[in-house]
Amino acid sequence: MADKKRYEELINILDQYSYDYYVIDNPTVEDAEYDQKMQELLKIEEAHPEWVTPDSPSKRVGGEVLEGFTKVAHDTPMLSLANAFNRDDLADFDRRIRDKVGDDIAYMCELKIDGLAVSLQYENGKYKQGATRGDGTVGEDITANLRTIRSIPMKLQKDFSIEVRGEAFMPKRSFQKLNEIREEEGQMLFANPRNAAAGSLRQLDTKIAASRNLDIFLYAVADFGEMGVTTHSEGLDMLETLGLKVNKERRLCNNLEEVYAYIDEWTEKRAELAYDIDGIVLKLNDLEQQRQMGTTVKSPRWSIAYKFPAEEVPTKLLDIELNVGRTGVITPTAVLEPVRVAGTTVSRASLHNEDLITEKDIRIGDTVLIKKAGDIIPEVIKSITEERSGSEEPFHMPKNCPTCGSELVRLEEEVALRCINPKCPAQIKEGLIHFVSRNAMNIDGLGEKVIIQLFSEHLIKDVADLFFLSKEKLLELERMGEKSVTNLLASIEASKQNSLEKLLFGLGIRHVGAKAAKSLAVHFETMDNLKMADKETLTSINDIGEKMADSIVTYFANEEVHDLLEELKRAGVNMTYTGPKLEDMSEEELVFAGKTVVLTGKLEKLTRNDAKALIESLGGNVSGSVSKKTDVVVAGSDAGSKLAKAEELAIPIWSEEDLIEYLPDEGGLN
């Protein structure tokens, strides 16, 4: 018969084993001994469920199924960091620091872990709550999922009541193993460890979170001053004495030269780490100096994140494929030997056009250097010509469309070759994908794969056919069950009520982007009015130039377009502008009337396009750069140089929450 004393002893023993293994990377027992003691603990808990506490090691394995994630307000905001992209940015940061607090300074430099920012609350030394960063003010409660991370102690070495901040992440090995399993099971692969970590921590089934082998590094306390330390470096040391996992690769630097040396070292060595990093974080070490520097609305003035330049990696160019876009443009795509770049495996990359391939002398069979532009889109930079064997083949663009066989043409003043056959299947398919996309008709459940399936099965030949799809036909398709078909048809039905600009953009009229579609919809109000417009009328509208006007007139002169619009009308698709008209709005409603607004950083609740549409609906004009002519900057998380420039120019800065206050009452934008 087990007694409670033995139960408590087992908890302490297992906690120590976990600390040795997961925090200080110095295992003191074999796995078999750990497992044996865990089994003993589980048997006691089965016999005495009333003894089980939230900090029991058994809670690490998950098992709790959550109903959802509640909101958590951060007592102290979790601010994001301004970014530096080069030494000039760092020198500007250093100058601002010295101008304010003098030259007696030091920087604590830390690796910027590429994961998910989280907050952990301890009460009297016991783990109480864990939350995501969210928008910095309000996050989500992920207490149960964070409990499954073995390197997070359930009890601190001292009975402190503190809130610590850190970065939860998925180690490279765990990521690779997870994607191998998902591939075997036919599931979609995660793009990178950061996405995998974020997805894992938002699982409602804590067993899934526990199986993902996440880890964490802690790097701050909500208020280090509460711990009786005077510097950030002392604070990190204190976290370690409490049993929390802090990254060992930090370094105290006394000047910028030492900072540069640290950055150079880890730029070279980052690939050797067991986890992904995407930069280096500098923090003014003295806490009193931090207080003097203060913070902006979004970020501390005493810290900055240096972002690594895009990683460049060599690999083999196996082939060049040609893709036909919705406007007939032929785009060459590099087929590559799979290689890991900036946290993801890349097997395809953009080659842009034939002229660029010729200019760079890129040949099939070459070893090429690739990078991710902005760490997002892979592209081929150049061929490594010194590695050629002589077997490489120069690339020649074909004279005919790879899909329909029509002769390709190069229009005046254009670099790209085009297929101008309006019945080209590839163009129709791409046009359908564009029509249902988020910025166009925004039909949930109609992704690229479903569109291709519908097109291949001859269920749709143009966009109007989407609105006449039947439940019976959809249920015959592979992987289309009752629930998904019902949801899809409901989404198609709902899209019929979209405002005119969504439909106009979705139709894919050449040269007409989302902004021009909005201008046309506001001006003409109905599709019938727009159809009758001549070039002179069109060019009198802001955003509509001669080339676009010609394209619009040509489009509506086409009899096939008339037939398509009649079919859309028959389906009940709205062809009227239903959004706000500026002349009908009061001065109070037109908060951005005549103003230039810049969006920067990552938005948490609005998409970039929704934010842009909201600003325009309030009378504003959205610009891509900050200048003296900018009236307002809306800053999300990780806002970089644009935010810094706005502060220097004393331009008013809005948060995302400030902008959301002006959303329509129904909470959405047409």
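Numbers here mean position along the shown chain, with the first residue as 1.
Positions of Cβ are set from backbone N, Cα and C atoms, glycine also.
Annotated features in Swiss-Prot:
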BINDING   ASP31, ALA32, GLU33, TYR34, ASP35, SER80, LEU81, GLU110, ARG133, GLU167, LYS283, LYS307  NAD(+) binding site
ACT_SITE  LYS112  active site, N6-AMP-lysine intermediate
BINDING   CYS401, CYS404, CYS419, CYS424  Zn(2+) binding site
DOMAIN    587-670  domain 'BRCT'
### Tally of residues which DSSP labels helix, strand or coil - the domain 'BRCT' (587-670)
23 helix, 17 strand, 44 coil
### Query
Which of the binding-site residues GLU33, ASP35, LEU81, LYS283 has its Cα nearest to the Cα of CYS424 (Zn(2+) binding site)?
LEU81
### Message
Can you name every residue in this chain, apart from CYS401, CYS404, CYS419, CYS424, with its Cβ inside 8 Å of the center of the Cβ atoms of the recorded Zn(2+) site?
### Response
VAL324, GLY328, ASN400, PRO402, THR403, GLY405, SER406, ASN421, PRO425, ALA426, GLN427
### Query
Should CYS419 (Zn(2+) binding site) be counted as helix, strand, or coil on the basis of DSSP?
strand
### Query
Near the residue listed as 'active site, N6-AMP-lysine intermediate', which residues of its chain come within a Cβ-Cβ distance under 8 Å, counting only those 6 or more away in sequence?
ILE277, ASP278, GLY279, ILE280, VAL281, ALA305, TYR306, LYS307
### Query
From the Cα of CYS401 (Zn(2+) binding site) across to the Cα of GLU33 (NAD(+) binding site), what is the distance in angstrom?
66
### Task
Report, as a single number, how many Cβ atoms besides its own are within 10 Å of the Cβ of CYS424 (Zn(2+) binding site).
20
#### Entry: Cα separation, CYS404 (Zn(2+) binding site) to LEU81 (NAD(+) binding site) (Å, whole number)
51
### Summary
One finds that other Cβ atoms within 10 Å of the Cβ of CYS404 (Zn(2+) binding site) number exactly 16
### Query
Which one is it: of the binding-site residues ASP35, ARG133, LYS283, whose Cα lies the shortest distance from the Cα of CYS404 (Zn(2+) binding site)?
ARG133
